[in-house]
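Novice: I'd like to ask you about the structure that follows.
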């Protein structure tokens, strides 16, 4: 499965690209100012359904170039995996609000509660993750299932019908001890849905 990676001009982007390449995936990186129609054309040319990966980034979904337009065009056509800003943008695309979190965290290890779900198979009932965010998704609609949370902050969301999966935390962070395994299971899960 080829991964089309949207870089939201974030310093963590290439850490994620590296992790995905270590797992054996071909990764093509595009910045969030790419023309959405051009990107969809490239993705449609792939012989096998590719995955769209939305990176972390500064700011909020509304200040992230063409990100929301890209999501609107890709949703329900391609599997999408988002991290941090990626979760916020996906949640907003379903009608959630993005609000300031009670706690601003930039490099904090946090234990989060995991619900039983295929992406967490073998990872336990909780997980230590690296968090870097001041915003959070709020008022999620029923078609976005929260599968991990901390202090009422959605840490992982999924919509299996639309092939959407996203994490508020950073799987590539050194603080996320099982991050590579989680990334591998996440891409595998979305590939099976495609």
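Cβ from N, Cα, C; glycine included.
As annotated in Swiss-Prot:
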ACT_SITE  84  active site, nucleophile
ACT_SITE  170  active site, for GATase activity
ACT_SITE  172  active site, for GATase activity
BINDING   57, 58, 59, 88, 134, 135  L-glutamine binding site
DOMAIN    2-194  domain 'Glutamine amidotransferase type-1'
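Each of the listed features needs to be described in terms of its position in the shown structure.
Specialist: For the recorded site, residue 84 (active site, nucleophile), the DSSP three-state label reads coil.
Cβ neighbour count for residue 170 (active site, for GATase activity) (all protein chains, 10 Å cutoff from its Cβ): 22. Under the DSSP three-state reduction, residue 170 (active site, for GATase activity) is assigned to strand.
Remark: residue 172 (active site, for GATase activity) has 12, 15, 16, 18, 19, 83, 179, 183 as non-local neighbours, by Cβ distance under 8 Å and separation of at least 6 in sequence.
For the recorded site, residue 58 (L-glutamine binding site), the DSSP three-state label reads coil. Its own atom aside, the Cβ of residue 58 (L-glutamine binding site) has 11 Cβ atoms within 10 angstroms in the protein chains shown.
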Novice: Among the binding-site residues 57, 59, whose Cβ has the fewest other Cβ atoms within 10 Å?
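Specialist: Minimum Cβ neighbour count within 10 Å, taken over the binding-site residues 57, 59, occurs at 59.
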Novice: For residue 57 (L-glutamine binding site) and residue 84 (active site, nucleophile), determine the Cα separation and express it in whole Å.
Specialist: 7
Novice: Given residue 84 (active site, nucleophile) and residue 59 (L-glutamine binding site), what distance in Å do their CA atoms have, once rounded to a whole number?
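Specialist: Per the Cα atoms, residue 84 (active site, nucleophile) and residue 59 (L-glutamine binding site) stand 11 Å apart.
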